[in-house]
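Chemist: Following this message is one structure expressed as C-alpha cells.
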Amino acid sequence: MDSKDTQKLLKEHRIPCIDVGWLVRPSASTSKSSRPGKSESKANSVAPDIQMDTARPPVFETSVDSSSSILSSNDKGRRHSVAASLLMDNQRANAGSTSVPTNIPPPRGRSKSVVETNLSNVEADSGHHHHHRHHHHTEDAPAPKKVGFFKSLFGHRKKDQEQQEKERERKERSPSPTHVDRGAAIRRERTATISAESPPPLQYNAPPSYNDTVVPLTRSKTESEVYYENHPQSYYHGRMRTYHSPEEGKVDGTSPADDHNYGGSRPDPRLMDFLRYYKSKDYKLAAFKEGNFIKSSASPTTKKNRRASFSLHNDKPQPAKSLAHQKFDAKGRPIPPHPDAPKLPSAFRKKHPSNASIVDTVDSNSDVSSSAQNNNQTPSSHKFGAFLRKVTSYGNNNNNSTNASSLSANVNNPDTSSTSLWSSSSMEFDPSKITTVPGLENIRPLKHVSFATNTYFNDPPQQICSKNPRKGEVEVKPNGSVVIHRLTPQERKKIMESTSLGVVVGGTGQLKLLNPEEDDANAKSKEEMAPQKQNEVEAHDEEDNNSQRRNIVMAAAEAAAEARAKEAPNELKRIVTNNEEEVTVSKTASHLTIDKPMISRRGASTSSLASMVSSDTNGTNADDEGEILPPPSLKIPHDIVYTRCCHLREILPIPATLKQLKKGSTDPIPILQLRNPRPSMVEIWSFSDFLSIAPVLCLSLDGVQLTVQMLRIILSSLVYKQHFQKLSLRNTPLDEEGWKVLCYFVSKAKSLHSIDLTMVPSIKTNVQKPSKSSLKSKILRMQCNLENRSDMNWDLLTASIALMGGLEEIVISGAKMNSAQFKNFILVACIATERLGLAYNGLSKSQCDDLAKWMVQSKVTGLDVGFNDLNGKLSSFTDAVLGKIQKANEKNVFKFLSLNGTNLRVNEHDTFENNEVLKLISVLCYLENLKFLDISNNPAIFPHCVPTLIDFLPVFVNLVRLHIDYNNLSSTSVVMLAEILPMCSRLNYFSMLGTELDLASSKALAEAVRKSSSLMTLDVDYVYMPENIKEKISLYALRNIQGELKRVNSDDKDIKDSQFSSLQDQLSLLLTEKADNSEHYNKMVENFMAKIALARIKISKVVHDLFDLKLNGQLNLEGKEALIRLCFIEASLERGCDLLKQRHNNTLKSPEAVSKSRKGGNQAQPNSESCQRMLLSSSILQNSDHIALMPFGSAIVEKSSPDAEDAVEFREGDDSNVNHEDVPANDQQFRDEVDIKNKYSIIKRELEHEKLVGGGDLPVDKEILNRAAQSLDSDQIKEFLLKNDVSTILGVIDELHSQGYHLHHIFKKQGNQEETAFRTKDEQQSSQSNDSSANASPTTDPISTGSNTSRTNDNAHIPPTDAPGFDKFMNNAEENAIDAAYDDVLDKIQDARNSSTK
C-alpha cells in the first residue's frame, strides 16, 4: 500500500486496518508488495498532544495492526499463542467505527518487515492537530493455505454483521448524530516500532489517565499489581464521564481540584461521590450506622480468581453498553438480553462476600474481565480460552466459569442488576451500595492463620542455632569465591571443645499418641498395683532415683557402644575418604553443653504449666479416662505464649517484648510496643502470631520502619480481634501502598476505637537503638516525608473511617491537610469522634471555622489544637462553646482542652470583652465537666492573664488538671496562683514546669498544697526549691492522698467537700443546668444572688478594715494571707454573678440591688445556718470520673488490691535537717526509722490541727474559736478562715463580732520589741534583695540553690546546714520572703480595686 492510497483513504475519513484473516482463510486474495524482497527498517514514533478541531472535519489516525512484525518467521510459536489471538480480537474492537477496505493485501507470514509510523501535522484556524499517519510496507503474500486447526479457533463473524455492530457502537458513544468525538479515544493510542530481529515485548494501550504510560505485556496477575502500585487510577471513562460535572475537582463547590492532589495525582471521582454521599447525611450518626447505605448495600460478589493468562488490554476500560445492544452467536443469530432480575431466588449456595466489590469488577485490570469481554465479542476466542484454561489455570474451573459469566453480565450490561453500583435510570455511580471504599478494590484481604491459646500448652521442640557456631573449613568471601582451609586434628579438637551446639527448646508436651496402646495399658495396671505416695519427700526421692537411673542407663549405653567399637574389625572402624584425615570425636566434645536462654526466669515456664494442670485435675491421675490434654479451658500466661510463638518460628523470645509481659499474668494487656526500630521478618511473624491470640488492647508501632508486607502481616493479625481498641503509628513511615493497606484495615476492623497517626519529628518514641545488623540489611522499607503527612491520601482514610462507622479517638498531629481534605475529614470521618488531636496542623481561619461547626454538632469531649497559630482565630471556638450551651435538651460533655503553644496574646489593659483569650476563659466556666486545661507555652498572655485566671478558676468546680508550663511567670504571679489553688475544690494535678522558683514562690506553693485537700501532684522544677520545702510538699501530698483514699473507701455519701463546696457547686449548677422549670430556676437564681450579696457585704467590710491596717503597717503575716484569700473570694463571687447575668441576658438584678431590696423589706438578715439550708445539690456534679484512655487524663484513685506490685518511692535528698547526734554513723537502717518517725509525727500534728480548727468534715467548734479570739491567736483564726466554706467563713465573722472581736484587732501586729526589731531587720533585708533583684535573675537570691555565685558572696550570712540554728534561720528567711511577696500581691490587688472604682 503506497502513500497515494493512504492519502486517499485519509481524505475519505476512512481508517484502514490490516486483515488478519489470512491466518485462517486459505482463499485469501494475494497481491504483490510495492517493495519486493526482505527489508528491515526502523519505525519512528512521536506522541505529541493531540487536540480536535471542530471547524474542519477530523482526520483520524490509521490503526494498523503490527502483527506482521510480531508474528515473524523466526518465531512460529507466537502465531499460535493466546497473545496473538487476543491481539487480533482487540484490534477488531478498536477499529469499531472504521470500514475495512477489501483491497488491502495481507502481509506475508514470514516477512521480517516492520511497520513504519510517521506523523502528519494538520493545522486548522482554531488550533493545531497532530495525528498519526501510518505507511505500511508489506511483501508478497504467502501461498494459499489449506483449512486447518486455526480455522475453527479464529473463525470470525461476517463482515456485514461486524459493520452493523460497529455502527451501533459508534452511535451509542456519539452524543449527537452530527458530531462524533472519536479523537478522545484515539489521541491516547500510540504505536510502537518493533524490530524484526529482536522484537521487544508486546505493547498495549494504557488506560486513559492523566499521565499516559506504555507498559509492556506481562502476566495479568503480576502486571495489575505492579501497574496500580505505581500509577494513579483514573475513572473518567464510559458513562461516568457524563455523570461528573465540570467542577468535579471541587467538593461542594468550595474547593478547587488542585486542593485534592496527593503527590501529583488527581482525586478519584468515585471517592468524591462517596464523600458527598456521607456529607448529605447531615451529621447524624444513626444515618451512617443504620442508614440506607448499609441496608441497600451491594450483594456479595463472587471471589475474583486471577488466572495466569496473557492479556493485551488488561487496563483498557471498555465502554458500557446499553440495554438495546444485541449479541450474536457464531452464525449471526441475535441472542436475547438477560432479564433485569430473576423472579425466583437463586438456587445456588450464597458465598461469603469478598473484599472486592462490583466496582472492582467494572474497573478491574485483571484478565478475568478482559477475557469476559473478549468472549462476548468473539466466540472463537472463547474456545481457545477454554482450551488454555485447562492447561494454565490455577484455580477452580467451575469458579472461573461462574465468575466469567457473572463478570461479563456486569461489565457488558451493568443496568440489568438491581444491586449494581450503577443507577438503572441514569447510569450514575451509587455510593449507597458500596461495600469497599473506592480505590481499595485491588487490596488483597487481610488473612492470618492463628492457633487456639491452648495449642501452646506444649512447647514445640526446636533446635535453635548456636550464637557462637564453630568455624568450618569452607569460607565464602563477599565476592563469591570459596576458600577451603584444611584443619589439623588438633585444631578440630580445640574448636569442638570451645564452641557450643545451639539451644534445644521444647519437647515438654504430654502427647498420648506417642505411646502404644499396649504400653499405656501396662502402665495403667502397674500404677493401679503400685502403692500411693505418702508425702512429698518420697516423691522428691523418687524423682532423684529416676534421674540417677537415667544417668546409669546412659553411661551403660555409652560403654556398650565403645565395647562394640573395639570388637569391630579394623576395616569397619575406619571410613576411607579421598585425601581426608581421620577425625575422632573425644569424650569431652560429646558432652558439650548448650547455650543458655537469654531470659533466665523462663526456666520455670514448664513447671508452672504442670502445676496449673495438677491444680486443675485436683490430684487425679494424668492418664485417667476422659481427660483431655491440653485442657480446653486452661489459661496460659502471656509470657509463655509469646515464648512458644517464638519457638514455633525457631527463634528465641525477643527480650524487649518479653519484658513488657508480666510473668504469669493472663489479664488483658493494656499496651504492647514493638521497640525494635528495624525488625526482621521472622520477628514480625512471631510478634503477629502472639498478637492474633493475646488480648492486647493497644498496639504501639511508634517509630518502627516496616515494609508493606510487614505491615500487612501485623494488621492481618488484628483485623478480626474483638477487643482490640487502639493502634498507634506515631512517626511510623508509610508510603502510598502502606497507606492503602492501613485504610483497608481501618475499614474492616470493627472493634477499633482509636488511631494515632502523628508525624512530628520533635516527639520522641520509645524505641531502641537500631542494631548494626539491621542497618546493614538491604530490605526495602517504607519511606515517606518525615516532617508531616501532607502528601497522604486523606480522603481515602476519611472514606475508610466513615465506612466502618467512625472512631472514638483520632490523633492526626502533623497531618497538615489542605482545606478541602480537612473539611471532608472533619465532617465525614469525625462524625462519631469524641476525642480529636489536631496539634501541629497549621490550622487556618477557615479550618477553625469548620472545626467549630463540627464541635457544635458532635459529641466531642476532648480537643487538642496545640502548636497551631490561633492568634485571632479563637472567636470560632468561643462561639462553638456558646452554641453547645444553647442547644436544648443536650448535656454539654466537653471535658478536655489543650491550647499548648498556640501563640495567644493578652495586652496590659485587655478585658474579657475585647480580648478573645480572656473571653474564651470566661466562657469555659459554662462547661460543668471541664477537667483538663492546658495553656502552656503561651508566655505572651502572662502576667496580664493572671487576674482573669484568679477570678474564674474557682468557678471550674470539676477542674482536675491544670497546665501552665514554660510561661516565664514572675514570683508575684506564682504567689497569686498559689493562693487561688486551694479554692479549686477538685484540682488534683498542677503543672508549672519551666518557671524558676525563688524562696517566696516555693513557700507559697507549699502552703497551697497544705491548704488544699485535693491537690496530690505538684509538677514544678524542684531544683530551685530548698530541701525542707520539698519535704513539706511531699508530706502534704501524702496527707491529701490519704484523704482521697478515705473518701473513695467511705460508704457515707453525705460527706460534703471541705473547700467552698456549697457556693461553688451552686454557682456551677446555675451556670450549666438546663432551665426546664423557669419559675423554679428563677427563684433559685434570686436566692443565690441574695446570698452572694450578703456575703459580699460582710467580706467587703472586713477587707476594707484589713487594707486600712496594712496601709498603717500594722497587718501581720497571717492577716495578709487572710486578706488575699478574702479578696479572691470576693472577686470570684463577683465574676460568678456577671456570668449569671450574661446567661440571662442581663435581666437579673445586681447583687447590690438585691441586698438593698432585702434590707428594705426585711430587717433581720439570715444567719449562716439559714444560708446553709439554702444550698442546692445536683446529681450532675457526682459523675465526674476521668477517662482512663486519654493521654492527658489524670489517674483515678481506686481501691487497693492485694495483687498490686507497684509502689511509689519518695526520694529524700539529704538528712541534714534531722538531728543524728545519738545515731551511729554506720547504722543506715536506724536513721531511716528516725526519719519515718519524724515525718509521721509531723503528719499527725497536721491532721490534729485540722480537726482542731474544723477542717475536713468536722464542724466549727465555738468554744475553740472563743479561746482563740481571747488569746488573739491570729494563726488559728486564719486557719478558721482558710479551711472552711464561704458560708462558714461568714459564720466565723458573725461569731467573732458577737463576742466583740474584729479581725483587724486580731491580725494587728503585737507590741513586742523583739518582734518589731526582727521585722525591721527583715524589711531591710527584703529591700536589699529587691534592689539586687532588679539587676539579677531570681536564681541569684541568697537562699536559692541554683546560683553558685550567690552562695560565695553571701556565705557569711548563711550558717552551715549542720549548725543547730539552721532550721530556725531557714524558717525566718521563708517568712520574710513570703511576707514581701504578700505585700506585692496586695499592692496589685489594691491597684486593681482602685482602677475598677474609677
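Yeah, the Cβs are placed from backbone N, Cα and C, and that goes for glycine too.
Since the structure is predicted, the reported quantities are computational estimates derived from the model, not experimental observations.
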Chemist: Here are some residues: SER357, SER426, SER844. Which is flagged as phosphoserine in Swiss-Prot?
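Modeler: Checked Swiss-Prot: the phosphoserine annotation sits on SER357.
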Chemist: Can you tell which of SER63, SER99, SER195, SER354 Swiss-Prot marks as phosphoserine?
Modeler: SER354
Chemist: Swiss-Prot tags one of LYS221, LYS331, LYS726, LYS1308 as ubiquitin cross-link; which one?
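Modeler: The ubiquitin cross-link feature in Swiss-Prot corresponds to LYS221.
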Chemist: Quick one: which of SER67, SER311, SER322 has phosphoserine in Swiss-Prot?
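Modeler: Residue annotated phosphoserine in Swiss-Prot: SER311.
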Chemist: Select, from THR98, THR102, THR254, THR577, the one residue given the annotation phosphothreonine by Swiss-Prot.
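Modeler: So the answer, going by Swiss-Prot, is THR577.
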